[in-house]
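Engineer: Take a look at this one; I'll ask things after.
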Amino acid sequence: SGPWSWCDPATGYKVSALTGCRAMVKLQCVGSQVPEAVLRDCCQQLADINNEWCRCGDLSSMLRSVYQELGVREGKEVLPGCRKEVMKLTAASVPEVCKVPIPNPSGDRAGVCYWAAYPGV
């Protein structure tokens, strides 16, 4: 229960693919420059998620799909020069980079998705 329950795909919520953020996170993780258009697309896609409680969940879903696509297991490189933990922290900080508000239930750093502190994401 709680506001995040509105974000459950089982209740009919459509998870955003966040294709721009997917590209941005991959580029940042390997240390490449992110083109302005990619950053703009990511931030707009994140801002377009009307329920701010769903933004971190959608980023987490996007991250899991990247791992699945690349066949990544715990502690492995996601891409050459990009470890899973780095990609997770990069994705978790997207709201902060984009200056898009998210709820802060943990009391940790504002703008960083709370799941970044937990293993398994």
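The backbone N, Cα and C atoms fix where each Cβ goes, and this holds for glycine too.
From a predicted model like this one, the values you see are computed outputs, not experimental measurements.
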Engineer: Name the cysteine that pairs with CYS98 in a disulphide bond per TrEMBL, restricting the answer to CYS29, CYS42, CYS43, CYS54.
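Structural biologist: Checking TrEMBL: disulfide partner of CYS98 resolves to CYS43.
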Engineer: Based on the record in TrEMBL, give the one of CYS7, CYS113 in a disulfide bond with CYS54.
Structural biologist: CYS7
Engineer: CYS113 forms a disulfide with which residue in TrEMBL, given the options CYS56, CYS82?
Structural biologist: CYS56
Engineer: Taking CYS21 (disulfide bond) as the reference, which of CYS29, CYS43, CYS54, CYS56 (the disulfide-bonded residues) have a CA within 10 A of its CA?
Structural biologist: CYS43
Engineer: Within 10 Å of the Cβ of CYS42 (disulfide bond), how many other Cβ atoms can you find? Include all protein chains, please.
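Structural biologist: Taking all protein chains shown, CYS42 (disulfide bond) has 24 Cβ neighbours within 10 Å.
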Engineer: Please name which of the disulfide-bonded residues listed here, CYS29, CYS82, CYS98, is nearest in space to CYS7 (disulfide bond), Cα against Cα.
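Structural biologist: If we rank CYS29, CYS82, CYS98 by Cα distance to CYS7 (disulfide bond), first place goes to CYS98.
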Engineer: Which chain-mates of CYS29 (disulfide bond) that are at least 6 residues away have a CB under 8 A from its CB, listed by sequence?
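Structural biologist: Those within reach of CYS29 (disulfide bond), by Cβ under 8 Å and sequence separation of 6 or more, are VAL78, LEU79, GLY81, CYS82, VAL86, MET87, THR90.
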